[in-house]
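Asker: Handing you this structure, nothing more for now.
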Amino acid sequence: MLPGDFPRHLFMVGCGNMGGAMLSRWLSQGLDADRVTVLRPSGASVGPGVMVVTEAPTELPAGSIVILAMKPQQWSTVAPAVGPLVRQSVATLSLLAGVPLAVLQDGVPGFGGFVRAMPNTPVAIGQGVTALYADSDFPADQRSGIDALIAPLGSAEWLADEDQFNLFTALGGCGPAYVFRFIDALARAAESLGMDETQARRVALATVRGASSLAAASDETPGALADRVASPGGMTREGLDVLDADSALAGLLTDTLRAARDRGEELARLAANAG
């Protein structure tokens with residue numbers, strides 16, 4: 001179900017993989033298709049009943065939120081066409097990875113209603129986490145409207161400092177891919193040791209799903225939970241000793257997040273220079 005203060009109308013500029021996942025979730029939770037308009041030059045459908053336009057209209061319905069869901073590198077060319085609509089919006093949510101608030105504001109001078117957002121793929125099933133950042137003077141009532149927009153997708157994390165955006169993206173935005181890779185590696189490891197391929201994948205998925213649910217419901221840290229089930233001299237402890245040796249797993253994940261974060265910072269510099 002949608003919150004009672006869900007925005008009255010959504011105007012989406014583009015509708016790629018992430019924008020499409022978000023839209024599908026909103027529609028599945030009761031959003032009427034006639035409350036959505038998508039600007040898509042190809043004119044390709046995005047779902048039953050959703051209006052798709054190939055050119056930007058001159059006006060938006062009252063209470064609209066604009067969602068920038070095209071490719072990040074398109075902002076500088078798209079901004080002049082959608083700028084008048086952005087100015088009419090209650091707020092404009094940007095899904096443009098690596099595009100800082102300053103670059104968005106340069107595209108529509110004088111508009112203070114931009115919100116940067118970084119969802120992750122589990123938003124498609126209402127279990128995502130979305131980073132949000134806006135200027136400190138962004139009105140509280142508009143912030144509540146953004147919270148209502150994100151609520152059907154999962155949880156929201158407002159960041160106090162835009163400099164943390166790339167690190168959050170490395171963890172929350174990119175994180176599902178790393179978890180998918182871990183599940184795959186866990187299943188393949190079992191398969192290499194003699195387990196049936198299909199069974200190995202099924203058990204790995206069930207194990208990660210169950211462990212995640214248990215960790216979410218527990219007051220203990222994940223690290224403490226791991227130690228609690230690892231009896232001295234037992235099988236779990238023997239396996240953990242391999243993962244913990246020389247901080248192998250922790251070091252690998254630190255390097256992984258650092259590489260993703262640094263790439264985000266590089267993309268932000270490129271976006272600033274392009275603007």
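Cβ atoms here come from the backbone N, Cα and C positions, even for glycine.
Note that the structure is predicted; figures quoted are calculated from it, not measured.
Just lifted these from TrEMBL, have a look:
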BINDING   Ala69, Met70, Lys71, Pro72  NADP(+) binding site
DOMAIN    162-267  domain 'Pyrroline-5-carboxylate reductase dimerisation'
Asker: Let me know how many other Cβ atoms fall within 10 Å of the Cβ of Met70 (NADP(+) binding site).
Answerer: 22
Asker: Within a 10 Å radius of its Cβ, which of these binding-site residues (Ala69, Lys71, Pro72) has the fewest neighbouring Cβ atoms?
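Answerer: Taking Ala69, Lys71, Pro72 as the binding-site residues, the minimal 10 Å Cβ count falls on Lys71.
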Asker: What does DSSP call Pro72 (NADP(+) binding site) in the simple three-state scheme?
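Answerer: For Pro72 (NADP(+) binding site) - judged by DSSP and reduced to three states - the answer is helix.
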Asker: Mind tallying the domain 'Pyrroline-5-carboxylate reductase dimerisation' (162-267) by DSSP state, helix then strand then coil?
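Answerer: Across the domain 'Pyrroline-5-carboxylate reductase dimerisation' (162-267), DSSP assigns the residues as follows: 91 helix, 0 strand, 15 coil.
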Asker: Calculate the per-residue pLDDT averaged over the domain 'Pyrroline-5-carboxylate reductase dimerisation' (162-267) and state the result as an integer.
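Answerer: Across the residues of the domain 'Pyrroline-5-carboxylate reductase dimerisation' (162-267) the model's pLDDT averages 96 on the 0 to 100 scale.
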Asker: Neighbours of the NADP(+) site Ala69, Met70, Lys71, Pro72: Cβ within 8 Å of the Cβ centroid, same chain, sequence order.
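Answerer: Apart from Ala69, Met70, Lys71, Pro72, the close residues are Val13, Gly14, Gly16, Leu68, Gln73, Gln74, Trp75, Leu95, Leu96.
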